[in-house]
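What TrEMBL says about this one:
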type     : residues                    : note
ACT_SITE : 166                         : active site, proton acceptor
BINDING  : 11, 12, 13, 14, 15, 16, 230 : NAD(+) binding site
BINDING  : 15, 35, 83, 115, 230, 256   : NADPH binding site
DOMAIN   : 7-37                        : domain 'Glycerol-3-phosphate dehydrogenase NAD-dependent N-terminal'
DOMAIN   : 40-132                      : domain 'Glycerol-3-phosphate dehydrogenase NAD-dependent N-terminal'
DOMAIN   : 155-295                     : domain 'Glycerol-3-phosphate dehydrogenase NAD-dependent C-terminal'
Ligand SMILES: NC(=O)C1=CN([C@@H]2O[C@H](COP(=O)(O)OP(=O)(O)OC[C@H]3O[C@@H](n4cnc5c(N)ncnc54)[C@H](OP(=O)(O)O)[C@@H]3O)[C@@H](O)[C@H]2O)C=CC1
Ligand SMILES: O=C(CO)COP(=O)(O)O
């Protein structure tokens, strides 16, 4: 029997609300905070054993610095469920929370977790990872249930990057389906997309094997194959001729892949890392190529061995 725990969830969007329901269904006291709500941030995080952030990337640093001015228990564990990279610094959400709270454990939670399915109580699995294993274990116990299977993993950076990098590939997968390129093309795209994720992930310090687990390949498969994914929807609608501005104006929620793609392109150029799919997604989002031209650019590259 898991002890009843007070969990403050920051961000009451699609994912924050789904995580709140999972925690409440396990008998925990859940306090939800968002800018739209009436609860003060200080009151929500006060005495919370867990502070979980499900805030879009663009709000993470601001909210982390607001939490810094709130009184917290020294035992508080931070959990981050955001999938993005900060444009100015390329920092991950975990790195931002850890720098703001150097004396607290930070746990990343990431996996193939389309919130609409979780809200329908469909079964799912996820991964929790931290440099402090006991903190990850605590979070695993808090969220585990017969419908939500939680694994621990010792590579928090790899877990976090899997969820972040796959968003760019989900945009590409949406384009692939929107252009009706078929199952072979999709399989090639997702497989080569994973190779690209491993390449940049290794450069940033993540372990290869993590990308072959739930938070990497698992999340890649979920988002590249589901119209529930907002990132997939962006690609699909671009392939159908809509403009990015128009798509984002009507999208239900956040598509982090749009910003992540820009950050990755900057990094790839600075560090000379070969990321052909990311580059074509970037050029498409910048309206430098059409979906068909992006496809041609990828297919007409020099032929080469599968592995270097
Ligand atoms: N939906 C999903 O299936 C999953 C989403 N994720 C990740 O979780 C994160 C949130 O996604 P999701 O819940 O779907 O997105 P939503 O767009 O539904 O919600 C975003 C949340 O972030 C908050 N927010 C946005 N900008 C700021 C800001 N500047 N300051 C404070 N709060 C801000 C919003 O607050 P407010 O309500 O006040 O506007 C809202 O609570 C993303 O990084 C996403 O990749 C991860 C797994 C699954
Ligand atoms: O990360 C997700 C599922 O694991 C959600 O994907 P989208 O943000 O593309 O909707």
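Including glycine, each Cβ sits where the backbone N, Cα and C put it.
Not measured: the values here are computed from a predicted model.
Checking the recorded positions 13, 166, 230 for a CB within less than 6 Å of any atom of ligand 1 leaves 13, listed in sequence order. Same-chain neighbours of the domain 'Glycerol-3-phosphate dehydrogenase NAD-dependent N-terminal' (7-37): 43-45, 48-56, 59, 63, 67, 81, 109, 113, 115-116, 118-119, 142-145, 148, 252-254, counting only residues six or more beyond its ends whose CB sits under 8 Å from a CB of the stretch.
Secondary structure at residue 115 (NADPH binding site), taken from DSSP and collapsed to helix, strand or coil, is helix.
The residues of the domain 'Glycerol-3-phosphate dehydrogenase NAD-dependent C-terminal' (155-295), classed with DSSP into helix (H, G, I), strand (E, B) and coil, number 108 helix, 0 strand, 33 coil. Cα separation, residue 13 (NAD(+) binding site) to residue 166 (active site, proton acceptor), rounded: 20 Å. Restricting the recorded positions 12, 14, 15, 16, 166, 230 to those with a CA within 10 Å of the CA of residue 35 (NADPH binding site) leaves 12, listed by sequence position. Residue 115 (NADPH binding site) and residue 230 (NAD(+) binding site) have their C-alpha atoms 11 Å apart, to the nearest angstrom. Neighbour list (residue 11 (NAD(+) binding site), Cβ cut-off 8 Å, at least 6 residues apart, same chain): 33, 34, 53, 54, 55, 56, 59, 63.
In the domain 'Glycerol-3-phosphate dehydrogenase NAD-dependent N-terminal' (7-37), the DSSP tally of helix, strand and coil residues is 12 helix, 9 strand, 10 coil. In the predicted structure, the domain 'Glycerol-3-phosphate dehydrogenase NAD-dependent C-terminal' (155-295) carries a mean pLDDT of 98.
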